[in-house]
Every structure is written in structure tokens, then in C-alpha cells.
Amino acid sequence: MAENEDVVVLENDTLAEDDVQDWSALNAGVLKIADEALPKREGKFFDQDGSNTQMERLSDARNQMYFALLHIRGHHVKLTLRAVWCPSRMMALVPHAKGSFFKDVGVAHTYKRKKKAQGMWLSPFEVVYLVERGSLVVYLGDDSVETFLENEDLALDYEPLKKLPLSHLYALALALDLDLVDQYETYALLKRLGYLILERKVEVKHEVVPTAKPKASLWERIYLSLTLTATLLFSRLYSALYFGRVHFFSFTLVYQLLRLISTYTPGPQEMSMLPPLDHRYRIMFDVWKPSPGFSKKNPPVPDFQVSVVNVSRVPFPSISVIKAMWGQVKRRPTNVDTSKSSIKPKQSSKFVSKRDERLKRKAERDSKLDPAIRSRNDYLAKKEKLLKGGSTGTQVVLAAVDTGVINFSIFNETEFSLKSDATIADLNCLESRADHGIVWNEKVVPLNKS
Amino acid sequence: MGDLIPLVVNGGSILVFELSHVKRLRDLGIVGILSGTLPKAPQQNVFLGLPLRLSIYEAAWLVNQSLGVLVDGLRYNEQVLNISSLKEETVELQGGVEYVVTEDTYSQVDDEQLAKICRDAEISVDALMVRLFGSVKTRQHLLSAAFNYFRDRDYYLMPGLRFGGDFVAYPGDPLKFHSHLILKVLEQKESFDLLQLVTSGRLATAVKKAWVLVGESSTQRNKQNQKPSLHCFSIEWAGFG
């Protein structure tokens, strides 16, 4: 469950009261370029009472907000980072990339004739994000940029170029498509939360793995079907003779009759039948929790895969759309144990995260328990996690945007019968059982509709 | 004309980049959503900064009241670029530390010239509606009518996504007031099921609001451009027993 608690995006968005914002504390203290401490929330009024006090408090709150908005959008002159927007390429070039932003931002450009310099191409989302937070200044590029890419000059001459304000950059970078600003806002929100994000450039195509299930031999199947029909006939005849009507001998039969949808077991054959994904729901971003070993050239399988829709234009996805979205999900190879992280934690670090503390306390509690109870708890916790968080790891995040307000939903693939091979293996190593599912599964003769 | 607030259209979004305009809008009861990263605290999502994002309904209200004008972002900025003066690249703050900065907009632009540019780059509300929603847009017209209806009654409106409605209505500036109503706009003959009545009613009551259904009254409108007359019903979860 600890993994779920890391999903800050979900916790941010609850049915709680509206955001109670108090901008004043944000402005308190020394004027710093980036102030990380967040102010506490202050109460709001429930209704207008026409009093001066109320009006004063409101005007004070507004002024504090305006003051915070007035703050400069910039960074220390010693760390100056510049970029040039190239309208023909719809990208921005950072001629000399330095600093910590490029871990998940930009595509490296190697100059043909400049050995020592390292350029970086930024996508529209990336350049707007960096400029908006004040970490980059951007100029409107002209032909000199293309020349610079080819020649031997080490520095680009910014003098003749015009510096772009944020408004013009938005117009250049985010105006080509109706949804770009929505997508950018989602990107920026996740970046601000500290996630590592790459844009999904191409659609994922899964190779259809032919089903390799051993089939029962022909004779076996004939025999099975014959015995089934025989028992069915017998039971029908029996109840018809003795009671004149269909009779239920056990609750299971009643449940089976009531069951509208049969339990679902995900498997490779499912993937091949997927409909193509409606373009509006395509997966836009691959998102990772922050990790020190991340490489944007060779990224691991994403922790979240996010699709962005505007609620006023795109309806809530149907089950077939959700399934098609699952078809676009990058998956972990099934034979790799994901629980073992390849990155070793730093030994020297004295910092203990809340999560580590929680885990430590839990381990202490557990050590006092009977081993049998402990293993049973582990089993139940694992099972609950599979049922709630998805048993296959197939998961998409849908970011629904309504004029700047973003709401995240996660669609997991799960199975109530817990019958897929991976799940059975997972659960059997904790507690061996014939059936792990939560679906009542007594073996009885199926009942025909009558 | 010089007083019109330029509402910059980029793709499907309507944005305001200038703080003085944000102040004016707020005084007019149009709050929008601050959607940009706040440079003062760039690693959090509670307090966001410029640009201010407006809904199409807020923009339509402003245009109808002759307070604002929708302009195409690219055409507008390209023209402003030609008449603007460049500011210094760096700014010195307290203690003599210099910062390289990006402005929100081009500065020191002559009002008259700006008005001319606004006229030149203007987009009509209808054109933007068509761009966003296609030609059939009865629902959007109704949403717009509902927005105007509540704004004219001095409610402040925000997007309804947080509470599963079309709008959330506040008795005063959302900065200092809790909201009262979750608005759900229904088209004529549009039905909703009882389950929705229960879930939305319960949700609204749980967050101390009323769920309000807004619909066009059944009397037929004679002309297309005539204002629809609206009927509203508020629903509260009684929670007996």
C-alpha cells in the first residue's frame, strides 16, 4: 500500500472543501527568489455580511495575491540560462545547456564543429515550463540560429535577437492545437510535484503473442462435453419429475443464474482484440517518480502513463476506450522481478523519509506478531493490493481538464478471480491455495437458462 | 476601445497575462483560474501564478458587456512586438543581486496602437465557439446563459470540475468566501437518473453546498438570439433517519 501513498496527484484532488488560500504568508519574510515554505491556510467566510471588516480582509487578501504575482520571473545572473525559439522547428535550442533541469528535459544536440559545447533542443512544453518558473530566458530566433548550428562560433550572439515575454512564448509554442494548453498545464503540474516526465512520441505497438495454452485432446473434450450434458440432463429431468419446475440445490446455482458478466482473466489473447485508440485519449506523457539513476535516453518502464482530455469536449471514456488505452500502455517484462530496485540508497545520507519511518514502525510492530499471523497478514495485504490497485500492472492515468482545473483518475486492470498466471505465482509464494479469487467458485454443474 | 481587456486566445485557451488586467477582472467579478507556475514558489501547486485562464463563458460575458476583446495570440503578439520597447534584461533586487528576468508581456505600449492591434487580431465569440465545439453548440449557449444569469445576480463562478458540476457559484470573491452552489445545466428534455440525483445531492450536502439544476423554461423561444429564460431548482440531501 505504501506505493499508493506516493501518488500525490490523487491526494491533491479530493472532495474536500475548496482550496482555502492565504497568499499573505507567501509574501512574508525575506524576499527570496524561490521560497519553498508554504503558508498555512486561513479561514474563509461563508456569506457576505456587508461589514467593513469583511471587505478589508478581502481587499487585504487580494493585495497579497497581487503582490505575490508581481514577483520577478527570473534567476540569478551568474546562472543565466538562455534559449532561442525556432519557429520553423517548433522547438527551442539551448545553445549551452547546464544545470540540473535537463535530467528529463530536452534532447541533446551535438554540434558538428563545436567540440566543447553541448546544445539541447526543448519541446514547447519544456521551454514554456522553464521560462514560466523563471529558470530560462528565451529569444525569438532567426536565420542566425541555423548558421550557429553549423559554424565554429562558441557563443551565439543574442544582441540582435528579441527577448520573448511569456505571453508571446505561449502564442508561439502552445497555440497550434486546441488541447496544447491543457496538456501543458498537466505537464507543469506534474513537474511541480517533482515527477520526471517525457512526452510520448510514438504509439506503442504490442506484438501479439500467440496463445500457447496446451489444449485438451479431442477425445478428452468430447468425453467432457458428453458427461456435462448427461449430468445436466439428469438434473433437469430429476427436478422436472419431482418438483415440476427448475429447482436450485445450492446457492451457487442461484448466483450463477444471476451473474451477468463472467469473471475476467486478463491474458495475452486479450491484447490482440483491442480496438484502435480514439486519438483524443492517446497517452501524452510517461511519468516517473523521482529517482537518482534516471536516464532520459534509456528510460525504464514508466510509473504512470497519462492521457489528457478536456471535459468540455471529450466524454468520459467507455470501457472499450479504456481497454484501447490499456493497449497503449508500456509494460514491464513479466519475468523481471520489479520489487528489487537496481539503485542502491546512498549510505551517507542521514535523511529519513516519512515513508521509511512508516515502514520501520510497521516492521517493529510485525516483529511482535506470531509468524503465522504475519504471513497471513502479508497474504491478505498483497491480495487486497492486487484487487484494488490492479493485478496486471496495466494502468492508465486520465487527466481531465476544465479551464485550468485538473483532476486525475487512474484506470487499473484487475481481476476478481485472481486467476492469471502472474497473480497465482505472486500469491502462491505467500500462501498456497487452489483459488485466490473473491468470486464464489464452487464447482457445480452449470445451469441452462430456462 | 482602449479600455478593452485583451483576452488572448492560444489554441483552445483564453489567457490574461497582465497583472493590471487580472485586477480589473477581479473587480468585475471575473476570477478565472491562475494556471502558471508561480516563480516565487515554483515547486508547489497550491498557489499558482500568471497567466490567468478564463473560461469561454467568462470571456463571452466580458465581450458582451464591452469590457474585453478576444484576440488571436500569435497575431496580437507579433504586432505588439513591433511597437514595443525592450526592457532591460536584468533586474536588481534588494542587496544588489542581479537577476535575469522574463517579462509577462511586452511593455510600454501605446494605448491607441494597442487598441488598433486588438481590432486587427480580434476573434468573435461565435468563431471561437465553433473552433472549440463545432457548429452544433446548443449546450454551450445554455451554459453561457447560465453563467450570465448567475453572474448578473452577483455570484462569482468557477469551473465545476472540482465538485462534479458545470460551475461552482460563490457569494463573493472565492479568495475569501466559500461557495454555496454547484450548478448543473440541463438542456431541454435532457434527463438524468435518480442515481445522479442521489450522488450529486449527497456530494453537495457533504461539502455544505446546494446542488442546483439549471434549465431552460419550456416556453419556446421565438428568435434564435433571444435570451433563454432559465429555471433553477436547488436540491439538498435531507438524510432522514
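From the backbone N, Cα and C atoms, a Cβ is placed for every residue, glycine too.
What TrEMBL says about this one:
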ACT_SITE  B:Tyr170  active site
ACT_SITE  B:His178  active site
ACT_SITE  B:Lys209  active site
DOMAIN    B:5-72  domain 'TSEN34 N-terminal'
DOMAIN    B:146-217  domain 'tRNA intron endonuclease catalytic'
Statement: Min neighbour Cβ count (10 Å) across active-site residues B:Tyr170, B:His178, B:Lys209 flags B:His178
Field: Rounded distance in angstrom between the Cα atoms of B:Lys209 (active site) and B:His178 (active site)
entry: 9
- line: Summed over the domain 'tRNA intron endonuclease catalytic' (B:146-217), the DSSP helix, strand and coil counts are 23 helix, 22 strand, 27 coil
Query: How many helix, strand and coil residues does the domain 'TSEN34 N-terminal' (B:5-72) contain under DSSP?
result: 18 helix, 25 strand, 25 coil
Query: If you average the pLDDT over the domain 'TSEN34 N-terminal' (B:5-72), what number do you get?
result: 92
Query: Rounded to a whole number, how many Å is the Cα of B:Tyr170 (active site) away from the Cα of B:His178 (active site)?
result: 6
